[in-house]
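Visitor: This is the feature table in TrEMBL:
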| type | residues | note |
| --- | --- | --- |
| BINDING | Gly17, Ala19, Val20, Asn24, Ser375, Asn407, Leu472, Asp475 | Na(+) binding site |
| DISULFID | Cys155-Cys164 | disulfide bond |
| TRANSMEM | 12-33 | transmembrane segment |
| TRANSMEM | 39-58 | transmembrane segment |
| TRANSMEM | 116-143 | transmembrane segment |
| TRANSMEM | 294-313 | transmembrane segment |
| TRANSMEM | 325-352 | transmembrane segment |
| TRANSMEM | 372-389 | transmembrane segment |
| TRANSMEM | 401-426 | transmembrane segment |
| TRANSMEM | 460-481 | transmembrane segment |
| TRANSMEM | 502-527 | transmembrane segment |
| TRANSMEM | 533-556 | transmembrane segment |
| TRANSMEM | 577-596 | transmembrane segment |
| TRANSMEM | 608-633 | transmembrane segment |
Amino acid sequence: ERGNWTNKAEFLLSMIGYAVGLGNVWRFPYLAFENGGGAFLIPYLTMLVLAGLPIFFLEVSLGQFCSQGPLGAFNGVPLVKALTSLEFASIYKTCISYLIHQLNGFKSTFHFHQGLGAAMVVVSVYVGIYYNVVISYTLYFLFSSFTSELPWARCNNQWNTQACVHSSSIYNKGLQKGKESNAPKYPKRAYQSELQLELCYGYTAIFTFYCGYSVKFDSINSNIRTCLKFGYKAFSRTYNLTGNLPTNISQRFNANLSTIFPSKRVSPSEEYWNFKVLEKTNNIENLGKIRWELALILLLAWIIIYGCLIKGIKSSGKAVYFTATFPYVVLTILLARAFTLEGAMDGVFYFFNPKWDKLLTAKVWKDAATQIFYSLSASWGGLITLSSYNKFNNNCYRDSIIVVITNSFTSIFAGVTIFAVIGFMAHVLKTDIASVAADGPGLAFVVYPEALTQMPVSPLWSVLFFLMLFTLGLDTMFATLETIVTSLTDAFPRQLRHQKCIFTLAVCVFLLLIGLPLVTQGGFYYLHLLDSYVASYSLIVCAIVEMLSISYIYGLNRFCDDIKMMTGRRPNVYWRVTWSLVSPAVLTFILVYSIANYKPLKLDDYSFPVWANVLGWFTVASSVLCIPVGAALEVGRNSGSFL
């Protein structure tokens, strides 16, 4: 037996946990401020109505109606279990009606949808490989936070370089020390990090005194550089460094000013991320060695996920009571703390400040539609899988509305929290907010960790933040792994259903082994490659094919009848128009726009080689081609018309 959710709360929390993921925290805030601030909410909410909600409701309805994973969602019959005699009598007629019209449309739809279901499962496999590596990063930072001082709080670690400069007291400390008449002696043993801290970034009274005007290091010219040499000598005398000053410092200062005065500050959190956590190589060709610390943490992540899914939805349904609600607790705590920091309201104002001219550009609407589509986790197969464990007469319409609204609220809530902290960081650095903001791993593992070091009791806030990211990732992995396992057990019920526990373990071990190259020193390049190609083009193609095939091959009226059987109400004209016309058009626009503006993949300043981009397109093809291949095979095996 497949089983059902124990109660409605477990299903809703699982759906919310699946839809609300890392992208809500590290992607939406950046897109909002980049695309018009508060004005971005207009295209965002518009695309939510035109594309996000329709495809979400379609997949939830489809999964619940067929009680099958993606591989069988389009041709199965509902499994009616654990019903009382009254419940059985009330839906007996609906099951008979379903069997009649399903048999009429079976041959014409199965060959398209089996390939579509396979494409979704392939995408879920790819996502399962690299997404758990991202979870491993959050665990690495989480474990590193259990200390009295965060390891990325200073620049005096063995992995730091000469360019490392911490934000703490960059401005105030140098100014204060320069103004003090009886300044303490400069600690010689700390010159490698502290000298840069005093000399770089900000205004200092010493340079003001010797140069005659304030100096800001982000706009150094040759005249100021010459002046700074005199300032450096005065600085050395002021802090009694002339006696035993290592000669290599003087030589390095005179020969390579760009080393001591970098044109771009490199934070200790960025160097911790690149040189300690990843130990990142220079290019994708250099895979390097396995980072055994990350490998062991990746193993731990898979053990945790398997433990939560050992009994399928019966065990994961209990885990989501914590994993789906804890992020909201942490976001609330972080927001309350952020509002006590200077500059926080500037960040929030910047986040919501509307730039109306942005609405006239196609990119803003494309970004809004893309964010809505991906944040709802559509076309991965997870929505179909989770809803397939509902009872047949569950009100999936109401559930879809609740989850979609919650997802959008979370994105805006996270945006306020993130930008409140970014505003504080900009205040500390004496710079503009735009120069501090970042998205993706850069926000989660560089910018925000640095901001945490500025807070009192920073390890506590770090533990809360990375535990939140960990739980956000867990919920997504629950549904991703359940999609793979459920799809295959539904396809081979006699062989796998009674051995689901062992089969789930086998899938976890397989994905763990395949994911090991991603925890090598050059593995982050491959993770970025998979995330950029697989979690983009493939999903859009699947979504377009899904809606068009339901609307024009299976039959839109027939699908609306199916929903009426379950909920007692037939979808109105809004749903029919968006499913058959508007949503496919919006997604086609996203696909065409993305391909037309395609550029070879880059990671910061590194450009991926041609073969790497070819590999990325191969991963796209490996999933998308399942659709026409599956259709061709079934057309050859079955007789009948397409309509």
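Glycine is treated like the rest: Cβ placed from N, Cα and C.
All TrEMBL annotations are machine predictions without curation.
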Visitor: When you scan the chain for residues with a C-beta under 8 Å from the transmembrane segment (12-33), skipping those not six or more beyond its ends, what do you find?
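Guide: Counting only partners 6 or more residues beyond its ends, the transmembrane segment (12-33) has Cβ contacts under 8 Å with 5, 40-41, 44, 56, 60, 134, 313, 316-317, 320-321, 323-325, 327, 350-351, 367-368, 371, 374-377, 382-383, 386-387, 399, 402-404, 406-407, 410-412, 414-415, 418-419, 433-434, 437-441, 443-444, 468-469, 472-476, 478-479.
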Visitor: Using the centroid of the Cβ atoms of Gly17, Ala19, Val20, Asn24, Ser375, Asn407, Leu472, Asp475 as reference, list every other same-chain residue with Cβ within 8 Å of it (recorded Na(+) site), in sequence order.
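Guide: What remains near the Cβ centre is Ile16, Tyr18, Gly21, Gly23, Ser377, Thr410, Thr476.
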Visitor: Counting a contact as 3 or more Cβ pairs under 8 Å, with residues at least 6 apart in sequence, do the transmembrane segment (401-426) and the transmembrane segment (39-58) touch?
Guide: yes
Visitor: For the transmembrane segment (39-58), which stretch among 294-313, 325-352, 460-481, 577-596 has the most Cβ pairs under 8 A?
Guide: 577-596
Visitor: How many whole Å apart are the CA atoms of Asn24 (Na(+) binding site) and Cys155 (disulfide bond)?
Guide: 31
Visitor: How many other Cβ atoms sit within 10 Å of the Cβ of Asn407 (Na(+) binding site)?
Guide: 24
Visitor: So which of 294-313, 325-352, 502-527, 533-556, 608-633 is most in touch with the transmembrane segment (372-389), counting Cβ pairs under 8 Å?
Guide: 533-556
Visitor: Could you list the residues of the same chain, at least six apart in sequence, whose Cβ is under 8 A from the Cβ of Gly17 (Na(+) binding site)?
Guide: Val320, Thr323, Ala324, Leu472, Leu474, Asp475, Thr476, Phe478, Ala479
Visitor: Taking 3+ C-beta pairs under 8 angstroms (sequence gap of 6 or more) as contact, is the transmembrane segment (460-481) in contact with the transmembrane segment (533-556)?
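Guide: Stretch pair does not touch.
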Visitor: Between Ala19, Val20, Cys155, Cys164, Leu472, which of the recorded positions has its C-beta surrounded by the fewest other C-beta atoms within 10 Å?
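Guide: Least crowded of the recorded positions Ala19, Val20, Cys155, Cys164, Leu472, by Cβ count within 10 Å, is Cys155.
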Visitor: For Ser375 (Na(+) binding site) and Cys164 (disulfide bond), determine the Cα separation and express it in whole Å.
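Guide: It is 35 Å, counting Cα to Cα.
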Visitor: Under 8 Å between C-beta atoms and at least six residues away from its ends: which parts of the chain pack against the transmembrane segment (608-633)?
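Guide: Residues 111-112, 114-116, 118-119, 122-123, 126, 283-285, 525, 529-530, 532-534, 537-538, 541-542, 545, 600-602 contact the transmembrane segment (608-633) from elsewhere in the chain.
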Visitor: Return the stretch with the most CB pairs under 8 A relative to the transmembrane segment (533-556), choosing among 294-313, 325-352, 502-527, 577-596.
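Guide: Ranking 294-313, 325-352, 502-527, 577-596 by Cβ pairs under 8 Å to the transmembrane segment (533-556) puts 577-596 first.
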